[in-house]
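Here is the structure we will look at, set down as structure tokens.
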Amino acid sequence: MRDDKSPGVPDFVLIEPVSEEALIENMRVRFQADAIYTAIGPVVVSVNPYRNLPDMYTRKLIDAYKAKHSFEMPPHIYAIAADAYRDMSTFNRDQCIIISGESGAGKTEASKHVMHYIAAASGDGAREADVTRVKDQLLQSNPVLEAFGNARTTRNDNSSRFGKYMDIQFNRSGDPVGGQITVYLLEKSRVVRQAAGDRNFHAFYQVLSSGALGAGAKAADFHYLNQSGVDTVRTINDAKDFTIVKSAMRILGFTDLEITSAFDIVAAVLHIGNINFVATSEGHSAVCTQAGSQNALNNAAQKLGVTAAGLATALTQRTVATRGDSVQAHSSAEQATHTRDALAKGLYDRLFSWLVTRINNSIQYIPQTSYDTPSVIGVLDIYGFEVFELNSFEQFCINYCNEKLQQLFIALTLKAEQDEYASEGITWEPVEYFNNSIICELIDAPRQGIIALLDEECLRPGQPTDDTFVTKISEAHQNHAHFASRENAAHRSDKTLPHGAFRLRHYAGDVTYHAQGFLDKNTDLLQRDLRVLGGSSSVAVVRELFPDAAASQAQSGAAKRPVTAGTAFKTSLAALVNNLEQKQPNYIRCLKPNARQQASLWDADLVIHQTRYLGLLENVRVRRAGFAYRTHHERWLARYKMLHPRLWIGARDTYSRSDANLPAAEQCRMLCQHLGLGSDDFRIGRTKVFIRSPRTLDLFEQTRARALPAIATTIQRMWRGLRARLWVRRTRAALVIQMVYRGYKASKHAMAIVRTFSNVKTMPDYGRGVAWPALDSPALARFDTYMRRIHATWRASCIVKTLDPERATFIRKKIILHGFLAGKKQGWNAQAWNHPHRRSYLAPGLTVDQIDSAVLIPPPATGSSAAGVAPGSPGARVVVASPASKINRSGKIDQRVIVLTPTALARLDSGSLKAGRHAAVPLERVKALTVSGGQDQLLVVRFDTGPSSSTAESDWVLDFGVSGNPGALYEFVAELLFHTSPTGRTTATSVGGERRGASPILIDVVSISDSIEVAVSGSRRAVNVVAEAGSSSESTAPATTVRKLNGGAVWQVSAAMV
């Protein structure tokens, strides 16, 4: 229901009873309450209030109409604009808004309100600055075209004296991106002649107010402005409008020079009107020698950028072209005056066309691809039906235009609607209406139409006149019901019909046209000399007005006549109608409440007359009997099929293939019934769906909007699943291709290696110096490394096989040690330990045979079930023995001999080599080794705590530097690691390597000053290794000192570097 609290009925379709009286009374009641808009379904009827109603055109109101559908809001121009914009954005259908009505009914203001709504309601887009610029340019085209194309008439202070159709172009996001303006039939005769009470075009008075014509210049000083007795209008401020127009032209991209030139041409036209002519003694013409006329000639020439003499010659002489030659003919004073007026009209008409072209160049959007093709909303603001006391060629063309638009309205809203119902098999009651096709054919029929006969008379040899033209059309249409003249026998006594005139019975009423000037206005020629003169101007804009000057200059013989004004107008009007037929129409029907342009005055007879010829009552009857919306079955299903769970394939649980394969008409019926529509709310035609009320269509839209998020999620899920499956398929294929290709490349590379190393077994170095084949691909790097490692392993095994067992064992020990110390401990390299097995680093005079036998046959470890080793077994021999400084639990230095046997690690007295209590520790108790990264020989041996605290062994902090040989530390660590292997416990390798055994022995190489955590008598201490320079002589044993830090919690060990 429309939210309209104003008096009367907001929609004529709802009025009861449906009669002309009821329509008129409803309009009157609403008009007097300032409710100037009333709807006929989607059509808006507007009554001109002849005063400002600012509260009806606010931004708040624009937002309200943008947010709601038209049937939810009171009738308004904004409702029409909103529906057109919404339909274009939603369905991607081009729209047109056709504004029709008499002159003074408010069509121009209505078009402005449409433009303002679209500019305010459309988005700003991703490129906000560009969109804002386009909006400004579209809006600013109005004041420019009004200044040069509108004038004051007795019926309208701002009457459009031309027709305008503007296409507003939108991108796919609904943002305006450009526009294009087409103009029709500027009333250029107004430039030289105005009826009483009228004014010339606004631009002339704006130039006058600017002072460009001289200080103190008045309209009365100019012939083209002083004919009507009116030069000022209460509702128009020419000086203010002049400033507005110049600002608008700058926004549209005109340069200051172009703006100045345009108004100079306007001024030149006024000066041309003041040029007078006198007859010479030979009967020729010459420019009057009076100061006023000569000044006008000079001023006009200066403004146009031509010489005064050249302008005078072009006005008083003319070039007559014959076959193969041309001659100069002198004009009479009367002919010169006619030429002057023709130049003034031609200049102004060409200036107006140039302005439109320049505006189009600024605002038109040219798509780069078919995808960029814009959607369009066209706005037609064209002159209304006109009936004056003296109606000439201009009124004939204007009223013909209105006949064509009325024919289009009938075709689209009355006849087409009824024909469509019949063809679709929809039952309804036909509505009678007047079809004005007979009038249109009377005017534009190809051979016997008035325009065709006018062209024929213009081109006829001899002396055709306006009277002979009237005679010709009277003979052709003497029996036509809509034509009358004094030449017809039936109207010879009709005193209301003057001689030399004819009357047409238009759809809007009878109009009498005076034929005087018809032939001249239809021919519409500008003499060749004037065109050549314009093309020679020093002013760039003037030259651009005469693009045909070069052709005129080159013309030497008889030229082909140009298309007449009437035919050109008929052709452009046919193109306009064809353009409008391709778009979805929206109508604004404008009425004026009185002929005096007075607010609140209601002239019932005038309103009745307009209501009848606009066919409003017939329109109401058609709407009441018809349907508000219709579309093809396929399009309806494409948009709303997802609302029915059995028709949409995305509803997997309920989708029915059999229902989806039903005829489209049956699917449409299922869909409408599914949403609860009654039988009167819709009809299913042969090819289309018909919806009676816009509210029903809104129900579908709202239901669709609620369903879209879930549908979008389903589509996203299915699409993402498809993409994922495609990705997996492609990835698998790529992996297979990679695998096969890499296998091929690896096989190729492997065969190259085989060929290269085929005889390495016979080489002394087993292929060490053989160059490896180059890699074909970086992807083979790992494979190449692997093959090199295989070759190195094989080569090493070959070399090892040539060694004696003792040397091979030594090499294995050295490799183990190298894996830990290489690059981590200073002084270590491949030559740092070269003697295979020294065993004893004891002081001179001591041998391993003196070692206490108690440590050579240690008792079983606590908790172990292993028996002791019998005397003389392999476990009874000493592996390695070396003196070392051992830090005791109190932090003091004890000199000891450290002995490694195959099963135990023991500490002995350095002098007697006797073992104390608990001197030997089984190797299975060794947990980890830590050495310093410096050149010292510090070693920390960590032990398992054992099953109880009573069996706990403190970690040993040893310095083998007292041995005087760096090899003592290396051999001790190597043997310790190596000899754990025969017990089946461990074999240590570098970090990350493999280890056999249940309890791996860990070995760390720490940097100098790093802390080493040790267990001493059940407590934890930290040992900080600090390097101090010692003696470089190997004969001098470097000293080891210990300092307690932090109350004894930390020992700082200074291990002198050798």
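Each residue, glycine too, has its Cβ placed from N, Cα and C.
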Next on the checklist: Tell me which of 44-66, 205-227, 573-595, 711-733 corresponds to the region 'Actin-binding' entry in TrEMBL.
Outcome noted: 573-595
Checklist entry - Near Gly104 (ATP binding site), how many other Cβ atoms are within 10 Å of its Cβ? => result 24
Checklist entry - Which residues in the same chain, at least 6 apart in sequence, have a Cβ under 8 Å from the Cβ of Ser103 (ATP binding site)? => result Thr153, Arg155, Asn156, Ser159, Tyr383, Gly384, Phe385, Glu386
Checklist entry - When you measure from the Cβ of Gly101 (ATP binding site), how many other Cβ atoms are you left with inside 10 Å? => result 23
Item to check | Remaining residues near the recorded ATP site, that is with C-beta within 8 Å of the centroid of the site residues Gly101, Glu102, Ser103, Gly104, Ala105, Gly106, Lys107, Thr108 | outcome: Asn48, Asn156, Ser159, Gly384, Cys590, Lys592
Checklist outcome for this item: Same chain, |i - j| six or more, Cβ under 8 Å of Glu102 (ATP binding site); the result in sequence order is Arg155, Gly384, Phe385, Glu386, Ala508, Cys590, Leu591, Lys592, Gln610
Checklist entry - If H, G and I count as helix, E and B as strand, and all else as coil, what does DSSP give for Ala105 (ATP binding site)? => result coil
